[in-house]
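Q: Not my notes, these are from TrEMBL:
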TRANSMEM  A:7-29  transmembrane segment
TRANSMEM  A:49-73  transmembrane segment
TRANSMEM  A:85-104  transmembrane segment
TRANSMEM  A:110-130  transmembrane segment
TRANSMEM  A:161-179  transmembrane segment
TRANSMEM  A:209-235  transmembrane segment
TRANSMEM  A:247-272  transmembrane segment
TRANSMEM  A:278-298  transmembrane segment
Amino acid sequence: MTETQKILVLHVGLIALLFALNFILPAYHHGNLARVMVLATYAIGYNVMLGYTGLLSLGHAMFFAAGMYGMALSIRHLGFAPAPALLVGIASGAGLALVVGLLALRTAGVAFMIVTLMFAQTVYLTILLAGRWTRGDEGFVIQQHERVLWGIDLSDPSSRYLAALTLFAICLFATLNLIRRPLGRVFVAIRENEERARLLGYNVFRAKLFSVVISGTISAAAGASYGLLFGYAGATFATVQYSIFPLLWVLLGGTGTIIGPFLGALFMFYLIDLSSGVTNAYMLIAGVALVVLVMFAPQGIAGELRRRIWSWLP
Amino acid sequence: MSKSSESKSAVSRRSALKTLGLGAGAAAALPLWARYSSAETAAPIRIGFQKHATGIGAAYGRWYDRTSQAAVRLINEAGGINGRMVELVTEDDGTDPKRGAEVIEKFATQSNCDVAFGTLFSHVVVGSAPRAGELKLPYFVVSEGHHVASGMLNRYTVQPGITDVKSQVQAMAPFVSQNLGKKVTMIFPDYAFGHDHRDFFTAAIEAQGGEVVGLIPIPPTETSFTKYFPKIPRETEVIYHVMVGPGVLTFVKELGEFFGPSRPEIFGFIDSLEAVDLASPGLEFLEGTYFWEGNPRYAQPDQTEYDKHFRAAIGIDENGASINDSKDVSTYAHMFGCWETLYVIKAGMEAAGYAGPQDRAKLIEAVEAITTMPHSNEHPQGAKVFNGKTHQVFGPQYISKVVDGKLMVVHTASIEDGMYPDEVDYTTQAL
């Protein structure tokens, strides 16, 4: 079996497995997995920047929130149907990513992290200050009848699961395709040695801008879908906490791997879910797990798999 | 004989396999909703308690928990509900709407809870309620947000144990305008909670012939407030403040330094100082100012037997602090809502003949049919009127003055003072 075939088998197999789980999982885990797939999509978006281009953002929640609010506000105030609202959400994230990218990419390293953090804080405060339209910190409900996409009620558990799976699969394969194409190779070249990439004649700024826009767009698609599938848009999703989550998921799952974001989001979700049943200090358990992973599997779960078993893992 | 027996045995094996095959096929073909139903049992009634154990609501969560545990203990000592014991299934929601929705799903599909209960922070309620509605899990919130009565939520979300902010604010306006002054400047946090106060109080004071002469929104990240005070118009007769969060002590201290001994009348919501000892340094300036209280923190001279019963059951002294630690001040103005809500759940389940999750719709209808609740051990804060259409309860409100560092009730607003026209009729929604 060639390397390409192995890659296809693994990723198609993952999607097939997730599809099969729709029919056999108990209700609780069925709902959880739908949520995890949307969050993993968010992490996939984050991974395009961190994992493949080497750009560490501390403000990715702004893209997730831009998608969520772009979608939700156009339903609430403009009476949009879910499909165009979804597109508005994705376009909002893409537009924001373009603006943020143009400005923030003038910096690098720690300064880039701080600038993205500041932009995200600005977006968060804007949501609070525009309370007349956004309902600020309280947020608002997207009613069940507003969540019927092409005749499919997205509040139905099975529909929600399959919609989440569709989103996840599209973003997973789009990213897989991206990193095997010349643009993706340039991303990796920048990650490995930005100066050398520039010396070879690549327009590094433009490539990094592409990375930010692609990353922001995928994150916005996740945010818009999250709001649509779970019926709520709120400012909490724009807080720093939601910028840190995708970083953790990607680090845990394996930076610069396609399946890593999914594994990280899944692992973290159940770690918190199970440990919160044992103690209120469940974030401490999550922290300890992270430290242990960094000590014994610094490349994350998928990174470790690549190092030990599947050297072909993209 | 033996052949016949073998033949029979072969047939039964085949039919057993066939049955298994059919069973597996049927299981695979089961509609998804079948996974969401659960069988009736004689086990305890399980009430999922969505607790703010961590995050910004932790102080409230701790006292909501103590109150709920005490009420459940008393309910069980009195025979439970419909002869079944009651069990609280507690999950931390981190005061986060995403986790809140996950907790609701856990209650409905994993922990086999009959109902969910106990959420305070509005963003957690609004984030969780859609999932409760979709899962048809009765969701009893103790939030004081106007989100329930505004019609934003759904038929499965009910607030029968605590009044909402619109009602509270409206009930304050007559007292403020008649006793403190008609020209009011409002200082409020610049987000939804503060905006609700701004909008509802402005309308209410104008209805009383007063006016809001100044609006001073404070950004949520602010840590120092002195620069805002010069914006207070000179004609101001009353300052109305609803600051919350860790900055409140600084706010009060700086307000005191700004005005010195000559200040306008000051009226605030106790939300700012829930779980905070009024004897804390810097709060001396509050002497002689007024507060809304959902339930009077300090035992009053005319304390009712119901209030004594309530304090004793939870372990609270006459100053509203834990009897084990006088520095551990309760969230007394709000936590009665948990107690009263649990008794509403009990009354609703008894009226509905609730036997299991298949009766959840009947439970909602039974609660919607409740109209009045007498002042009693079950409702120690005061008598209530419940509006089954808006799913919101109405009750008395207390206005207290700080005298010698203690809050003393000077006015009790009637239930009617807090009533307003219906904005929704949830009973028209399908169950």
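Backbone N, Cα and C define each Cβ position, glycine as well.
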Q: Count the Cβ pairs between the transmembrane segment (A:209-235) and the transmembrane segment (A:49-73) that lie under 8 angstroms and are 6 or more residues apart in sequence, then report whether there are at least 3.
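A: Since 3 or more Cβ pairs under 8 Å link them, the transmembrane segment (A:209-235) and the transmembrane segment (A:49-73) do come into contact.
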Q: So, taking each listed stretch (A:7-29, A:110-130, A:161-179, A:247-272, A:278-298) in turn and counting its Cβ pairs to the transmembrane segment (A:49-73) that are under 8 angstroms, which one gives the highest count?
A: A:110-130
Q: Given the transmembrane segment (A:110-130), which of the listed stretches A:85-104, A:247-272, A:278-298 has the most Cβ pairs that are under 8 Å apart from it?
A: A:85-104
Q: In the same chain, who gets a Cβ under 8 Å from the transmembrane segment (A:247-272) while lying at least 6 residues past its ends?
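A: For the transmembrane segment (A:247-272), the far contacts come to 10-11, 14, 32-33, 35-37, 39-40, 42-44, 46-47, 50-52, 56, 58, 60, 168, 172, 175-176, 179, 188, 191, 282-283, 285-286, 289-290, 293-294, 299-306, 313-314.
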Q: Given a Cβ distance threshold of under 8 angstroms, which distant residues of the chain, six or more beyond its ends, lie next to the transmembrane segment (A:7-29)?
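A: That would be 1, 37, 157-158, 161-162, 165, 168-169, 172-173, 176, 258-259, 262, 310, 312-314.
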